[in-house]
Amino acid sequence: ISVPTNPQAPRRMEMILRPQIYFFFIPLTAVTLIFYAKILYVLTKRRNEYNSIFYKLIRTQSVFDISYVLLFMVYDVPQDWPALYPFLIGMNPTIWPQVFYGQVYACCNGQILGVTLNSVSRMLLLCYPGWRAAKTFDSLSFPLVMLLHYPFPFAVGLYIYFGQLPSIFKYIEAVDKVTRVTGFEFVQINSDITAAAAVAGAIVSSYCYIRVLLVLRTRPFRSWKKEASMYITSFILFISLCAMTVYYFFNWFYSITNVPDAMYAWRTNYHWYSFTMSLLNPWCLILTSLKLRVAVFGKFASKIGFFVRSTTADQTIEVKRSRKETTTINPSVI
């Protein structure tokens, strides 16, 4: 791939191809990262209380969620602004275009694996609570959860960085912008890996949640309300995983059919899938867990109608116990 020193000038001197990024995703990201940091602080400081594998996976997955949205601002947002094209083209002689590329696929595969592991853990603990494997899985130490979660996505990222020819930023006339360009054979390989991981994760998670829903529908809400926040958050992340599977299926399809223009155009939509996956965790936890709402916003959060429609005796007791007991949620949230 040739590296242009003076890329063809785009037809529009000023453009915002994706206004939703600037008017929605960036402000939402700024607020979400503050909440995410506070939640991670609470989960880490009170790790003996939040000792389920669900919360440990939240902590390990935060590495992929946070790093992705931060680097997205550096390498993807400037692609909408012609004035910043020299900044992108100027990175071509450095390692950064390939670092960005490897990071994207490492984060995607890390998020896919994290959601899949969460689905498996929810199914094992609900459907087979007496199994030693279920109890062992839920009681894994944080270093072992890291060992379970990190090797595969990091291996994908390192393979892209060390085992493939460097990516570059180049002007593509079909989409009228500077974007990252990678050898098509490498795009096919990386799409194969990630699409396979996404499809496998979606199938496994689908089976797990079918089992979970079949069991929950036979039990009264009061018997599982303590874990409701985890079930709701995990299921919403599963829906996001299904959406990401659709994205990588089409990315894989365009790569094997050798239609680069369609692939570059399709890639401009990736933020809808990646940001949804990256920003869901903190909001799901805040909206479904009174205990975490109080930890993040203070006791005032328990009085906000947006979060809690009515204050029950259990909720009042929950707040006054200084967050020492189990989570109580408003069933209407479900």
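Indices start at 1 and increase along the chain as displayed.
Glycine is treated like the rest: Cβ placed from N, Cα and C.
The feature transmembrane segment is assigned by TrEMBL to 20-41, 53-75, 95-120, 140-162, 193-216, 228-250, 270-290.
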Residues of the parent chain within Cβ reach of the transmembrane segment (140-162), under 8 Å, 6 or more residues beyond its termini: 47, 53, 56-57, 59-61, 63-64, 98-99, 101-103, 105-110, 113-114, 117, 186, 190, 193-194
Residue numbers, six or more beyond the limits of the transmembrane segment (228-250), whose CB comes under 8 Å of its CB atoms: 52, 54, 108, 111-112, 115-116, 118-119, 122, 191, 194-195, 198-199, 201-202, 205-206, 209, 212, 216, 221, 266, 269-270, 272-274, 276-277, 280-281, 284-285, 288-289, 292, 327, 329, 331, 333-334
Stretch in 53-75, 95-120, 270-290 most in contact with the transmembrane segment (20-41), if contact is a CB pair under 8 A: 270-290
Contacting positions for the transmembrane segment (193-216) when only residues 6+ beyond its ends and CB under 8 Å are counted: 105, 108-109, 112-113, 115-116, 119-120, 122-123, 126-127, 156, 224, 231, 235, 238, 241-242, 244-245, 248-249, 251-252
